[in-house]
Amino acid sequence: NGIFKGVKGKNSKGNIWLDDVDCSGAEKKLSHCTHAGWGVENCFRGENVKIKCNNASEGDLRHSSDKLEILHNNEWGTVCSSNFNKIEAEVACMQLGYRNGSVLENTIATGTSKIWLNILACDGNESKLMDCPHSDWDTDTCSHGNVVGIRCSEGQDNLEEDHKEEHVLDNEEDIEEVTEEDHVVDHEKDHMEDIEEEQKVFQSALDKLSDEGKRERFLIFFH
């Protein structure tokens, strides 16, 4: 988008290449518009044209220092706080790419910028704030001290991250419990193996005793 911003001062320098430019709006380049010819001009130095360009389109929003602004007729303006509630803040924040929105308790004072919108009545299904029912553009009775301020956040994403973190912690606790159980089982298994080994050694020693009396004394000693 672009708007005409008047002319430069008389002290501007440089060649004036184009004059009597007449575009239809379908041209891809300014040089494709009808004009008097390159370097053909009868302009004064104070007639050098001045424009302002931007990539925003009608109804676009921007959010700076909590202040909500909307573009209308290629000019940024504000929104009145009257009747602007949480549902309107949600629509605005979703248009800006966030999930949640809230209205600031204190209104924001602005300078002389336009107050474009007032008395909005969103139902929450709108994709743009300008789609909400509202009073006519630039027909408000709002003062510059009652401009709405909003706060946007990615609340749902944060909740999902918190849930993921809790799930990870739960898994870690489960792993610790399983590890402890495995440790007890392993310890008991080792103990049983030691007992079995001792029994084998005992039986081997007993088998080597041929004399029955020696066997009885051996058994009495170990019991």
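From the backbone N, Cα and C atoms, a Cβ is placed for every residue, glycine too.
Feature annotations, courtesy of TrEMBL:
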- 1-54: domain 'SRCR' (DOMAIN)
- Cys23-Cys33: disulfide bond (DISULFID)
- 49-153: domain 'SRCR' (DOMAIN)
- Cys122-Cys132: disulfide bond (DISULFID)
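Feature annotations (TrEMBL) mapped to structure.
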residue : record         : CB count, 10 Å
Cys23   : disulfide bond : 12
Cys33   : disulfide bond : 15
Cys122  : disulfide bond : 21
Cys132  : disulfide bond : 19
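Looking at Cys33 (disulfide bond) and Cys122 (disulfide bond), their Cα atoms lie 43 Å from each other. On the 0 to 100 pLDDT scale, the domain 'SRCR' (1-54) averages 82 in the predicted structure. Counting only the Cα atoms, the space from Cys132 (disulfide bond) to Cys23 (disulfide bond) is about 34 angstrom.
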